[in-house]
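**Q** Under the heading domain 'Orn/DAP/Arg decarboxylase 2 C-terminal', TrEMBL lists 26-366. What TrEMBL lists as domain 'Orn/DAP/Arg decarboxylase 2 N-terminal' is 30-275. Under the heading N6-(pyridoxal phosphate)lysine, TrEMBL lists 55. What TrEMBL records for 234, 268, 269, 270, 271, 368 is pyridoxal 5'-phosphate binding site. Summarising the annotation, TrEMBL assigns substrate binding site to 271, 307, 311, 341, 368. As annotated by TrEMBL, active site, proton donor applies to 340.
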Ligand SMILES: *Cc1c(COP(=O)(O)O)cnc(C)c1O
């Protein structure tokens, strides 16, 4: 069996595929709950708010489940805001991140009364201040400081270096805070950072924390007293054999460093809550041999799961054998989709025993799976199903062909 720990038996996987078709995302409610509660119930000397990063998996049923458990949410668009509100998420537990928030999104977030805007530039401070002023409101803000720490992760998901587009530099932070405090419609409440994703050690987080604490103390001397410290998301998961620190040990280490400072702690985990609670199930359409290389062509593709193509994401792959006529021997396979791109693969050089009509299980697909999917090659996006105890519940139906061009128009002449 796989090194990845999900609760799906072969029976459940076959049943899901038979009932809902393939490709299919399948999530485990118990695993999501367990991963969230690791954060939410972690012992700490400071109060902790866990703001689940919606972009990891934004299905409204997932958001609803997390909201009921007490989650806050980290959003990056008005679309995500509306999803959270629709799913019953509380505005006072929402933080709004992102380098380019639209005026409409800011206005809506002000109107519902979110916890905080995580602001990424001076221009954005001014923008939010003026949107708030027009409405006679005050916006709670935190500044996203770039701690200039190397997260030792893939360059595409590393966000805390000086060279990234994110945040305000450490050097400019104090003057940015002074400026923010001078703007009449801003209420300066916090500080935040987010140094990257799939980080598998605590050191980069703790190094960032040190830099933020320096600033917090310096600001306090200046008479600017912050109420919360938000360390962003980024805690990694086990895709293959990574040893990842637990949320509990992370929170304990952070709380210890905070010492007697009375600050609320905010975290924005996405991947670590949902990645290993989900799988992508796909059926082998046919097998093909090209000059000695074996390809299993499956019905899922890069449009369904983009991580391998986008940043060499590695997903463990298992076989759930189908109705085999001949025994299949184990050999090296490239698992590829039907899309017209060489980058369209789900796994390369996998030592497996595969036959046509087998089901393949792509593990650790609960985060940045469905949310990054597209209709490329005019492929309808697949269904999402949640295992609740022993029930399979459809939480998003498979798109149909007419969905593909429902928003397009033919020319009149
Ligand atoms: C993407 C993102 C997160 C979540 O990151 P994970 O690696 O999924 O935990 C949190 N905060 C911000 C600002 C992000 O951009």
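Using the three backbone atoms N, Cα and C, a Cβ is placed for every residue, glycine included.
TrEMBL: automatically predicted annotations, no manual curation.
Could you give the neighbours, burial and distances for every feature on this list?
**A** The number of other CB atoms found within 10 A of the CB of residue 55 (N6-(pyridoxal phosphate)lysine), across every protein chain shown, is 20.
Residue 234 (pyridoxal 5'-phosphate binding site) carries neither a helix nor a strand DSSP state and counts as coil.
According to its DSSP assignment, residue 271 (pyridoxal 5'-phosphate binding site) is helical. Around residue 271 (pyridoxal 5'-phosphate binding site), the same-chain residues six or more apart in sequence whose CB sits under 8 Å from its CB are 53, 56, 197, 198, 233, 234, 235, 236, 237, 367, 368, listed in sequence order.
According to DSSP, residue 340 (active site, proton donor) sits in a coil region rather than a helix or strand. Listed in sequence order, 377 are the same-chain residues at least 6 apart in sequence whose CB falls under 8 Å from the CB of residue 340 (active site, proton donor).
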**Q** Is it possible to get the count of other C-beta atoms within 10 angstroms of the C-beta of residue 307 (substrate binding site)?
**A** 21
**Q** Here's one to test understanding: among the recorded positions 55, 268, 269, 270, whose C-alpha is closest in space to the C-alpha of residue 341 (substrate binding site)?
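**A** Its closest listed neighbour, by Cα, is 55.
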**Q** Return the member of 268, 270, 307, 311 nearest to residue 55 (N6-(pyridoxal phosphate)lysine) in space, with distance defined Cα to Cα and candidates limited to these binding-site residues.
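**A** When the Cα distances are compared, 270 comes out closest.
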**Q** Within 8 Å of the Cβ centroid of the pyridoxal 5'-phosphate site residues 234, 268, 269, 270, 271, 368, which other residues of the same chain have their Cβ?
**A** 53, 56, 197, 233, 235, 272, 273, 367
**Q** Calculate the distance in Å between the alpha carbons (Cα) of residue 270 (pyridoxal 5'-phosphate binding site) and residue 307 (substrate binding site), and round it to a whole number.
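**A** With the alpha carbons as reference points, the distance is 15 Å.
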